[in-house]
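Peer 1: Right, I'll just put the structure down here and ask away after.
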C-alpha cells in the first residue's frame, strides 16, 4: 500500500519535486476502521475531488500539508469508505488557515505544513477522536505507521475507497540526501526521512497531509517522495511535527505573536 504522494507536478516553493498531495499507501493493507479515527479527508469544494489527508489534533484543529491548500476546501471527519455518502455532520470548512513563515534555521523544505481551524468543533465518537501532538522527538530506527487514501499502485493511478496503512522505517536524514542528490537537500533539515529501502512499500499520491505515527506519537506529515512511488533506495520526506510545536501551540492558544521555534 504505497501512500502515493501528490505527484501531480505541484511545484512547491519553486522546487521541482513530486509532492504527495494525494498519495496512497503502496504495499499496505486496508486500515482497521478503528485505527484512523483522527484521519480526515480534504476535498476541493468546486470539483468535489479528493485532495489529501489530514490529522485532527483536537475538536477544532486539523494539521496537514501546505501544498494541499486550495481556495475552497471541504474537510470530512469520521470517514472510512469514501464511496459511502457523507453525512452533513461530518463536513467542516476552514474558519482560519495558518502557514509556517518562520525563517530562523528553517529552509524552504521545512515549511510544508498548514494548520486549519474548523468552522465548528467536532463531537468525538466511536469513529472520531484526535491524535495528540508528540511529547518527544522521533527516534531514527523506529517503525512508523503511515496511512491514507492515496494511490495503491504507481505509476498507474489506483485510488482506493478505504484508507490503507503500512509500516515504514524512520531513517537518518542523510539517507534521503544521498538518495536524491538532484534536489540538493540542505545539510540540516526539520524534515524526517522515512521509507523501506527494499522498495515495494511507500506513501504515494493523495497520501499527502496524512500522519506518520512513530511509537504511538504523531511525528510526521506526508510531504514528498519520488515518482514512481515505492522505488528501492528512494525514501520520502515528512514534515517534522515536533520541530513545529511552538508555532502550533501558540496559534491554538490564540497568542497574538506566533512563536517561531529556535
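Here the Cβ of each residue, glycine as well, is placed from N, Cα and C on the backbone.
The structure displayed is predicted, hence computed values, not measured ones.
So Swiss-Prot says this about it:
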type: SIGNAL; residues: 1-18; note: signal peptide
type: DOMAIN; residues: 25-253; note: domain 'Peptidase S1'
type: DISULFID; residues: 31-165; note: disulfide bond
type: DISULFID; residues: 52-68; note: disulfide bond
type: ACT_SITE; residues: 67; note: active site, charge relay system
type: DISULFID; residues: 102-260; note: disulfide bond
type: CARBOHYD; residues: 105; note: N-linked glycosylation site
type: ACT_SITE; residues: 112; note: active site, charge relay system
type: DISULFID; residues: 144-214; note: disulfide bond
type: DISULFID; residues: 176-193; note: disulfide bond
type: DISULFID; residues: 204-229; note: disulfide bond
type: ACT_SITE; residues: 208; note: active site, charge relay system
Peer 1: For residue 67 (active site, charge relay system), which of the listed recorded positions (31, 112, 204, 208) have their CA atom within 10 A of its CA?
Peer 2: 112, 208
Peer 1: If you count, for each of the disulfide-bonded residues 102, 229, the other Cβ atoms lying within 10 Å of its Cβ, which residue has the minimum?
Peer 2: 102
Peer 1: Taking Cα atoms as reference points, which of the recorded positions 144, 208, 260 is nearest to residue 193 (disulfide bond)?
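Peer 2: With Cα distances computed to residue 193 (disulfide bond), the winner among 144, 208, 260 is 144.
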Peer 1: Tell me whether residue 68 (disulfide bond) sits in a helix, a strand or coil according to DSSP.
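Peer 2: Note: residue 68 (disulfide bond) is helical by DSSP.
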Peer 1: Which whole-number mean pLDDT does the model give the domain 'Peptidase S1' (25-253)?
Peer 2: 94
Peer 1: If you compare CA-to-CA distances from residue 208 (active site, charge relay system) to each of the recorded positions 31, 112, 144, 214, 260, which comes out shortest?
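Peer 2: If we rank 31, 112, 144, 214, 260 by Cα distance to residue 208 (active site, charge relay system), first place goes to 112.
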Peer 1: Just checking, which of 31, 67 (recorded positions) has the fewest C-beta atoms within 10 Å of its C-beta?
Peer 2: 31
Peer 1: A 10 Å Cβ contact count, applied to the disulfide-bonded residues 52, 144, 165, 260: which residue has the minimum?
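Peer 2: Fewest other Cβ atoms within 10 Å, among the disulfide-bonded residues 52, 144, 165, 260, is found for 260.
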Peer 1: Report the member of 68, 176 (the disulfide-bonded residues) whose C-beta atom has the most other C-beta atoms within 10 angstroms.
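Peer 2: By the 10 Å Cβ neighbour count, 68 comes out on top.
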Peer 1: Rounded to a whole number, how many Å is the Cα of residue 31 (disulfide bond) away from the Cα of residue 144 (disulfide bond)?
Peer 2: 14
Peer 1: Would you count the other CB atoms within 10 A of the CB of residue 193 (disulfide bond), including those on all shown protein chains?
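Peer 2: I get 24 for this one.
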Peer 1: Any idea which of the recorded positions 105, 208 has the thinnest Cβ neighbourhood at 10 Å?
Peer 2: 105
